[in-house]
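Participant: My questions will all concern the structure given below.
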């Protein structure tokens, strides 16, 4: 026996804990009784006691509550209160106490444990992953009953299937079939689930045939749907559809499975067929399946049909959620129809579906894509007013939109807001890469590099990798640069335009054009659209290898992506086509360059076919003089500094020789270079001259005007 002082302390502690528990239970009883006029503390119901037991935070308190309820007048425990306590004990893995309770039940309440209690124990062992103990529950059942019920067998089978389908099948054969237990549709549904979860589809079909041949059992819709889902998950949607026709009563879940399966395969036609069949049978697919169909239609550009699908679903009584509307709005914004996106925003609001941050982000992206940056900023500001919190995607989207369109100062302002918010950059470098992109696009290369360098504290690894790539490219060590780039990607890094441009230029200069093109496609996929210096390097690389067709095809591709070309884009192409003797193609490219890259006041062609016999070699001054005679200034369009020649293109069709000069080159051209041009002009030559510039009007002339006699 402990010393008196220690004994008293222990006794007081126990009494204190018991008193605290009794006060807590009394408070809960009063709370419960106040919500039900039929209940008072004196007549506590079975449901109230079950609730009190399940609310306890430990096994010991659950037992105390159970024993306390036993002491209440006019209260007797039942199967339900024992089940509540057993559930709580299983949660805390007090399985020895569970067995004690089972033994006392016949004397306590006059009946042995029922099926629900054994099912609770089975599930408790299952949660504890005690597979062998699950099977041994049958021994506990035999202790109180002559044989387990089919419900208990099914509960054991259900737990075993989740652990190991082979163990479950062995249990079915040895413990059920050999004992003469005939399974029901629920039994076979469990087995089918186990086979399909492990992708044993062939065995699933064998099981289906066995069910069909069994007496008194018909495969129900759940069994069929389980097999259908497995087939679709494994890409066998056509086989699943054939199986559907065997079903007596397909339901909405059946159509959900098939519609989702076809959408996964991007087979929009069959997905729509299944959707129509479900409508015809008065089934409304769930909103997830409907949204997949809408997404497929939007990707295919069938936006009107996508909107009609949502309208039909709503007319049939289904409720549309914000995800469905967002999918439709995203579809319209993706093709530049932002106004229709706004229309559906208003529609969803009028029907009680409130927009979320994703809705706003989609619209902001749409506005930026369509060049409506002011509307994007308005919506950005309205989000705060409407109580919709900005997230990282909001900041990232609008910063990218502003910087890609040259509004870098506003991009910086939004970046500061992002850094001040709780969201912050969340460890993502993409908003900062957008700033770098904007600076680089405006040819502010030094500022872009300086900004990248300042990110060293926030993104040390990314900055270090970038600087190393720059160094290797400058030294011509392209293999080392590629190795560091691959390392950067493997680490989850997102390269900036500086890294991409540096690598593409180096690869192009080294003749690795295919790799350069692949890298440019990769940067485009990462929402980093190439700037002229990047794709010009590739075109120049193709031209150095005299792959004119490849260069032209590549230029068509970048033009289709709405990339802005410049004079440097066309220069190498014009030179190489001239070199190959295709002067007409060179002229075509020259005119295309002028049209696409300059705001030219006048651009005319002077076609000269000279037949003069007295033409002699002209002096350099005569060519200089020709420029003043080729154009005559107009007072209305002459720049303040006088007429400006942007480009001069001379083609000698007879000798297949061409010369291309820009304005700066013409101004600094030496006499001997002019003499070279003149020396190739002879009587009878067919010569074509194109002059592009500002502040003059072209007029036709003859060769004698160009090559004056000395």
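All positions are counted from 1 along the displayed chain.
Any Cβ shown, glycine's included, is placed from N, Cα and C.
Quick paste of what TrEMBL says about this protein:
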- 474-600: domain 'PROP1-like PPR' (DOMAIN)
- 78-112: repeat 'PPR' (REPEAT)
- 220-254: repeat 'PPR' (REPEAT)
- 286-320: repeat 'PPR' (REPEAT)
- 321-355: repeat 'PPR' (REPEAT)
- 356-390: repeat 'PPR' (REPEAT)
- 391-421: repeat 'PPR' (REPEAT)
- 496-530: repeat 'PPR' (REPEAT)
- 531-565: repeat 'PPR' (REPEAT)
- 566-600: repeat 'PPR' (REPEAT)
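Have a look at these and tell me how they're positioned relative to everything else.
Facilitator: Same-chain residues lying 6+ beyond the ends of the repeat 'PPR' (78-112) with a Cβ under 8 Å from its Cβ atoms: 46-47, 49-50, 53-54, 56, 58-59, 62-63, 66, 69, 120-121, 123-125, 127-128, 133, 140, 143-145.
Taking H, G and I as helix, E and B as strand and the rest as coil, DSSP gives the repeat 'PPR' (220-254) the counts 24 helix, 0 strand, 11 coil.
Averaged over the repeat 'PPR' (286-320), the predicted model reaches a pLDDT of 94.
Note: the repeat 'PPR' (356-390) comprises 26 helix, 0 strand, 9 coil (DSSP; helix = H, G, I, strand = E, B).
Using a Cβ-Cβ cut-off under 8 Å and counting only residues 6 or more beyond its ends in the same chain, the repeat 'PPR' (391-421) has close neighbours at 357-358, 360-361, 364-365, 367-369, 371, 373, 376-377, 380, 383, 428, 430-432, 434-435, 437-439, 441-442, 527, 529.
Through the fold, the repeat 'PPR' (531-565) approaches residues 440-441, 497, 500-501, 504-505, 507-509, 511, 513, 516-517, 520, 523-524, 572-573, 575-577, 579-580, 582, 593, 596-597 of its own chain, all at least 6 residues removed from its boundaries and within a Cβ separation under 8 Å.
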Participant: Residues sitting near the repeat 'PPR' (496-530): Cβ under 8 Å, six or more positions beyond its termini, same chain?
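Facilitator: Tertiary neighbours of the repeat 'PPR' (496-530) are 400, 404, 429, 432-433, 436-437, 440-441, 448-449, 452, 466, 469-470, 473, 476, 478, 481-482, 485, 488, 537-538, 540-542, 544-545, 547, 550, 554, 558, 561, 563.
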